[in-house]
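J.: So TrEMBL has the following annotated:
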DISULFID  Cys110-Cys115  disulfide bond
BINDING   Arg210, Thr212, Trp223, Ser265, His268, Arg304  FAD binding site
ACT_SITE  Cys406  active site, nucleophile
DISULFID  Cys406-Cys409  disulfide bond
ACT_SITE  Cys409  active site
Amino acid sequence: MLLMTILTEGFVCIKSRMLMKFSVLIIVSAISLLTLCRDCECIDVNNPLECFKLLNGPVDDCACELKSVAEFNNRILYPRLQALLKRNYFRYVRVNLKAQCPFWEANWLCAMRHCHVDGCQNDEVPPGMRDVKSMSDDAANCPSSQSAGDQVPAGSDSNLGELDETLSPTSQAAFVKWSDHDDSLLQFCEWDDDIGNSSQYVDLLRNPERYTGYRGEAAHKIWRSIYEENCFNDPASALLPGGAQMRTVAQSQCLEIRVYHRLISGLHTSINTHLSHKYLLLGPQDRLMGTQNWGPNVTEFLVRFHPEFEPQGPVRLKNLHFTFLAELRALAKAAPVLRRAKFFTGSESDDAEVAQLVSDILDQVEQFPDHFDESQLFRERDKIRLKSEIREKFFNITRIMDCVGCDKCRLWGKVQTAGLGTALKVLFSPNLPQYLRRHEIVTLFNALGRLSESIYSLEEFKGLLSSNGWAASGRGFRVDL
């Protein structure tokens, strides 16, 4: 029997869950059955742990066990990534949040205060990264065979022509060769945010990804555009909320399309997990003191992933692990390139420490025994055109991020799609790049960090949804339905 104390305020009920605005404080002492208030009715959710029922056995389309993925991430990778992503090289990203939506007329005015992004002043950015344009930033990440005298001076505002004047003839020729080589590779995303007056540096630690209140038709339009226009036929619609046939339909498709759909589904799942795990929990004391308490919202998680609310919820949690494995494999494949990168911020000691942290992560990733095998994809000649179609569709997805109406959501959407795009470039290009641009390195690690944190947070949700875990926590949750 559940014991509940419910504190309501404001409007008690509006027609749909998306519009309902009231606060509920739930304190549970025992949980064999979870009761939620939705659409003015009480709904009994049998076995809340049904969300995780598919997280056993092998990962679909990958020779790896789900439990081994979670164990590797939670015990080995997650703590190392968390330490790395706090370093200056990875926490600052130059991004254009004012780019126009290329597909429809969008309203950029976000009325929700948690949507706001705090940009950085120039003096807040590490000296070696200030006013560095795209090409000069690339030069700072070229292989270490380039001499120190060839580096672009800190604080320079160079374009390509000015960059050529700072390089020795040998390094200049090598740089052009590398650029030409990389231009021939498959590009899965467009990142022009290093160029132009509209771009600015943003501190990702100061602007964490979490629930902002951005939902409803505006948010649905983004995902509809992704699934209906940038996936493949029937499986695209099946990926949408309520698409109960997604798993069956996907298995009828070729491996390459299944992989693409799982990647998009896993990315979407990761975002939804973050929004449930970093939720604004306002109790009476928080309102009185004006404090903010961010934490896991169990009800929000269940509404997004429990099969009684979302039939494909368990499948999506499984796809989260697939996307994680794909990006993990990209990191392992790019290890030789990443070991040559300089991670230049202007602080010699900090840059050396970052290089050591990256090297340690790469060592661990390379030792992981069951990587995703990209060599199984596009093996037949008739699949070359399909690779081009997949590239074009994902390229469009990265551009759709400029249509997101919440600044913070747009920021993290751009970072995560760019990171996945970098992973696809590494996995699907016929040759390994000679070097990666700074934004590719930063977004690749941050995107993997987001997936890693999502998988890590599942253990906390499992604990909260188990009878002992909930009773021991004694937590109350503010629920916005």
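Including glycine, each Cβ sits where the backbone N, Cα and C put it.
Note that this is a predicted model, so its numbers are computed, not measured.
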J.: Across all the protein chains here, work out how many other Cβ atoms are within 10 Å of the Cβ of Cys406 (active site, nucleophile).
T.: 24
J.: The record names Arg210, Thr212, Trp223, Ser265, His268, Arg304 as the residues that bind FAD; what is their largest Cα to Cα distance in Å?
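T.: Maximum Cα-Cα distance: 21 Å.
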J.: Tell me which residues of the chain lie with their Cβ under 8 angstroms from that of Cys409 (disulfide bond), as long as they are six or more apart in sequence?
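T.: Non-local contacts for Cys409 (disulfide bond): Cys115, Thr212, Tyr214, Ala219.
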J.: Give me the CA-CA distance between Trp223 (FAD binding site) and Cys406 (active site, nucleophile), in Å, as a whole number.
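T.: Rounded to a whole number, the Cα-Cα distance is 14 Å.
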J.: 10 Å Cβ neighbour count around Thr212 (FAD binding site)?
T.: 19
J.: When you rank Ser265, His268, Arg304 by Cα distance to Cys406 (active site, nucleophile), which of the binding-site residues ends up on top as the closest?
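T.: Minimum Cα distance from Cys406 (active site, nucleophile) across Ser265, His268, Arg304 lands on His268.
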J.: Does Arg304 (FAD binding site) have same-chain partners at least 6 apart in sequence with Cβ under 8 Å from its own Cβ, and which are they?
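T.: Same-chain residues close to Arg304 (FAD binding site) (Cβ under 8 Å, separated by 6 or more) are Asn272, Ser276, Glu310, Gly313.
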J.: May I ask which residues of the same chain, at least 6 positions away in sequence, place their Cβ under 8 angstroms from the Cβ of His268 (FAD binding site)?
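T.: Result: Trp223, Arg316.
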J.: Note down the number of other Cβ atoms within 10 Å of the Cβ of Cys115 (disulfide bond), including every protein chain shown.
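T.: Taking all protein chains shown, Cys115 (disulfide bond) has 19 Cβ neighbours within 10 Å.
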J.: In sequence order, which residues at least six apart in the same chain have a CB under 8 Å from the CB of Arg210 (FAD binding site)?
T.: His114, His274, Leu275, Lys278, Tyr279, Leu280, Trp294, Lys408
